[in-house]
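Engineer: I'd like to ask you about the structure that follows.
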Amino acid sequence: MTPEILPIEDYDDQLAEKTERLRGMMAPFNAPEPAVFRSPVSHYRMRAEFRIWHDGDELYHIMFDQQTKQRIRVDRFPAASELINRLMPEMLAAIQPDPVLRRKLFQIDYLSTLSGEVIVSLLYHRALNEEWQEHARALRDSLTAQGFNLQLIGRATKTKICLDRDYVDECLPVAGRNMIYRQVENSFTQPNAAVNIQMLEWALDATAGSKGDLLELYCGNGNFSLALARNFERVLATEIAKPSVAAAQYNIAANQIENVQIIRMAAEEFTQAMQGVRQFNRLQGIDLTSYQCETIFVDPPRSGLDDETVKLVQAYPRILYISCNPETLSNNLKTLSETHDIRRLALFDQFPYTHHMECGVLLEKRQ
């Protein structure tokens, strides 16, 4: 595979290999047959990052080969959304003849949405001044006139210049409802929107008919908690990153959801609060004991859950666990399977043509 050519004819084989690998990893835990959710075979990534190569008067996007570290010129990138592919040549064509915009530009990041909005971040090895802002505004206006719904950001050491705003608003159709999600530049968002929709709908189906409240750790911008709110009395969700918490609060209001409470704290801190080990000012006005959480939802980073959080999670009757690293999931399941059984297993092909897998398990406590 090269950045400009996807092995589309191999898609089914690579998905079958992942499915078999997941079966093998989950076999020790008596997991059921996985439900498998396919990705679009091209234009599935909603974001992309490119280094910029200066070659005389020429300017082009490059990536580096992971094995050889050689640079590869990238004029089109079929893994990325069609919107990013349309924008890439127009962006370079506008920057190339402008010495103010191109000087010491070393990277361009794109974040696009199914709703048609896109953020472009230009990264520089130099200070950005008022002259840069004037030229950047002209670039933004030129691309807007070409029909792009675009936000432009300049970044340099300890500098972030936002011409208008640093976010886009995504709209995802989830089980009959359009969900609005504010996505902030340089914050985590699910890279594959089509697969994200399938993940949300699987989680909704897995928790249908739930009783009581939902606790979510690592909620990000509220991707799962807002979609799942319709299945629960109330949702209590934690997140540590300030921009993600702010986006989640906006998303709650934008979707007119009234039963979700977001608190800014790490999963480890929340564990201490639940166990009564520490008190936190951030929890003033929130009565943790009033929540009857029968279900806990976790979507941890690649490192998985730490030992203390595994113990916290294990106390809940139902656990919904989304993992971007089945190896750390397997490690956590060694403990969780002592008390819980896997009722559902899913493979989400979030990262086609790579060895990476995203998966989901629903666990229920044995009686």
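Cβ coordinates come from backbone N, Cα and C, glycine included.
This is the feature table in Swiss-Prot:
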- C324: active site, nucleophile (ACT_SITE)
- E358: active site, proton acceptor (ACT_SITE)
- Q190, Y218, N223, E239, D299: S-adenosyl-L-methionine binding site (BINDING)
Engineer: With the S-adenosyl-L-methionine site defined by Q190, Y218, N223, E239, D299, which remaining residues of that chain have Cβ atoms positioned within 8 Å of the Cβ centroid?
Structural biologist: F188, E216, C219, G220, N221, G222, F224
Engineer: Going by a 10 angstroms cut-off between Cβ atoms, which of the binding-site residues Q190, N223 has the sparsest surroundings?
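Structural biologist: Checked Q190, N223; of these binding-site residues, fewest Cβ neighbours within 10 Å: Q190.
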Engineer: Taking the binding-site residues one at a time (E239, D299), which has its Cβ surrounded by the most other Cβ atoms within 10 Å?
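Structural biologist: The most densely surrounded of these binding-site residues is E239.
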Engineer: For the S-adenosyl-L-methionine site made of Q190, Y218, N223, E239, D299, how many Å separate the two farthest Cα atoms?
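Structural biologist: Site span for S-adenosyl-L-methionine, by Cα atoms: 16 Å.
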Engineer: Taking DSSP three-state, what's N223 (S-adenosyl-L-methionine binding site) in: helix, strand or coil?
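Structural biologist: Its secondary structure by DSSP: helix.
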Engineer: Whose Cβ, among the recorded positions Y218, C324, has more other Cβ atoms within 10 Å than any of the rest?
Structural biologist: Y218
Engineer: Give the helix, strand or coil assignment DSSP yields for C324 (active site, nucleophile).
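Structural biologist: DSSP assigns C324 (active site, nucleophile) to coil.
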Engineer: Near the residue listed as 'active site, nucleophile', meaning Cα within 10 Å, which of N223, E239, D299 (binding-site residues)?
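Structural biologist: Hits: D299.
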Engineer: For the C-alpha pair, I'd like the distance in angstrom between E358 (active site, proton acceptor) and D299 (S-adenosyl-L-methionine binding site), rounded off.
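Structural biologist: About 10 Å separates the two Cα atoms.
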